[in-house]
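Straight from TrEMBL, the features:
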- Arg20, Arg69, Thr102, Lys161, Arg261, Ile262, Arg263: GTP binding site (BINDING)
- Cys27, Cys31, Cys34: [4Fe-4S] cluster 1 binding site (BINDING)
- Tyr33, Gly73, Ser126, Met195: S-adenosyl-L-methionine binding site (BINDING)
- Cys256, Cys259, Cys273: [4Fe-4S] cluster 2 binding site (BINDING)
- 11-225: domain 'Radical SAM core' (DOMAIN)
Amino acid sequence: MMQPASSWIDQFGRQKRKLRISVTDRCNFKCLYCMPEHPEWMDKHSLLSFEDLYAFCQFMVERGIDSLRITGGEPLMRQGVVHFIEQLQSLRALGLKRIAMTSNGHYLTKYADALKQAGLDDLNISLDSVDSQLFQQLTQRELAPVLAGIAAAQQAGLSIKINTVLMQGINDSQILPLVAWAKQQQLPLRFIEYMPLDGDAQWQRQQVVTEQQILQQLAPHYQIEALPQDQSPARIYRLDQTYDVGIISTISHAFCGQCDRIRLTAQGELYNCLFAPQGIALKSEIQALAAHSDVARDQLQQRIAEYIWYKKSGFHAIHAQAHSPRKISMHMLGG
Ligand code: SAM
Ligand code: SF4
């Protein structure tokens, strides 16, 4: 297939519509499956400013991106992020349909109302245990502020989903308690298979709790019905005809066939895939774009279109070829 002149489409015909922006790599948590033991934070002065990020988002929305997700590190640790979300509202006139955030929930008692007022459409909150001791073990932080944050987000009227990463022998004991809790709270819950994106590259396949294993744990307690799959990467299962649980099984059933996502790090590196061995550094062009340079606009158009075009078919194609661990992990890519 020939590369088309201008659109965010890859060689497999997958149009990119979703852009994830990491606004910081910093985080107050130290999740076992994400943060390195000794994180080396990006220099704060090296991050793209919100003006730069706004210019980039506008550029991307004008070319077909219709959904933005703000992530991190912990996005609520970056000063000014709520105001940034407010500013992004003006891109709806250009075709932006959805502004979302992924957060660990710790600061939500402070920010939930402001996020709602700023026009946030969706909020994903990570919660890997409802047992406070295990939560502490997993994140090195307390559970109580997160539960209070979730309650504040519900109170504020935000649309919430709970995301849980499972690790074999660590928190697979939480499958049933989390389902019971989320069902009782009437909150959508999605389990995510542990991916080889941890900061210290310690991932091993046997640590993954697979979709099948999750279903095996649920089966004695619920009547399970698989629902037809839509565009989302999660497979949805209806429990007792009343409550839906999602499972994102990147490892056991990669969902790459329809992938419409790309990602930008806080320092302006674009990744065409979570598992891409390399991104492209766009910081200087994005800064020039924000300063209204037409040359930068043309360069960005060309470089991004070409990079997206060569996106690989998916996780298995990349993982099979990977020889050395990458320098980038989930706390920089944002999930
Ligand atoms: N700090 C925020 C949070 O935890 O929600 C946003 C950033 S975090 C990197 C985004 C998502 O990536 C979270 O849902 C987290 O659980 C998930 N994640 C991190 N490392 C992962 C891994 N190795 N495998 C699967 N998911 C992972
Ligand atoms: Fe922080 Fe989120 Fe990574 Fe946990 S998953 S360490 S909360 S960035």
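Along the chain as shown, residues are numbered 1 onward.
Including glycine, each Cβ sits where the backbone N, Cα and C put it.
Within the set of binding-site residues Gly73, Met195, Arg261, Gly73 have a CB atom less than 6 Å from some atom of ligand 2. Those same-chain residues not listed among Cys256, Cys259, Cys273 yet with C-beta within 8 angstroms of the centroid of the [4Fe-4S] cluster 2 site C-beta atoms are Arg14, Ala254, Phe255, Arg261, Leu274, Phe275, Lys311, Lys312, Ser313, Gly314, Phe315.
Ligand 1 lies under 6 Å from the Cβ of none of the binding-site residues Arg20, Cys259, Cys273.
In the three-state DSSP classification, Cys256 ([4Fe-4S] cluster 2 binding site) falls within a helix.
The number of other CB atoms found within 10 A of the CB of Arg263 (GTP binding site), across every protein chain shown, is 23.
Close to Gly73 (S-adenosyl-L-methionine binding site), meaning Cα to Cα within 10 A, are the following binding-site residues out of Cys27, Ile262, Arg263: Cys27. In the predicted model, residues of the domain 'Radical SAM core' (11-225) average a pLDDT of 96. For Ile262 (GTP binding site), applying a Cβ distance below 8 Å and a minimum sequence separation of six or more within one chain yields Trp8, Lys16, Lys18, Leu19, Arg20, Leu270, Tyr271, Asn272, Ile308. Across the fold, the C-alpha of Arg69 (GTP binding site) and the C-alpha of Tyr33 (S-adenosyl-L-methionine binding site) stand 21 Å from each other. The separation of Ser126 (S-adenosyl-L-methionine binding site) from Cys27 ([4Fe-4S] cluster 1 binding site), Cα to Cα, is 13 Å. Shown in sequence order, Phe29, Lys30, Tyr33, Met35, Gly73, Asn104, Thr139, Gly199, Met330, His331 are the same-chain residues outside Cys27, Cys31, Cys34 whose Cβ sits within 8 Å of the Cβ centre of the [4Fe-4S] cluster 1 site. Looking at Thr102 (GTP binding site) and Cys34 ([4Fe-4S] cluster 1 binding site), their Cα atoms lie 14 Å from each other. Within 10 Å of Ser126 (S-adenosyl-L-methionine binding site), counting CA to CA, the binding-site residues Cys34, Lys161, Cys256, Cys259 contribute Lys161.
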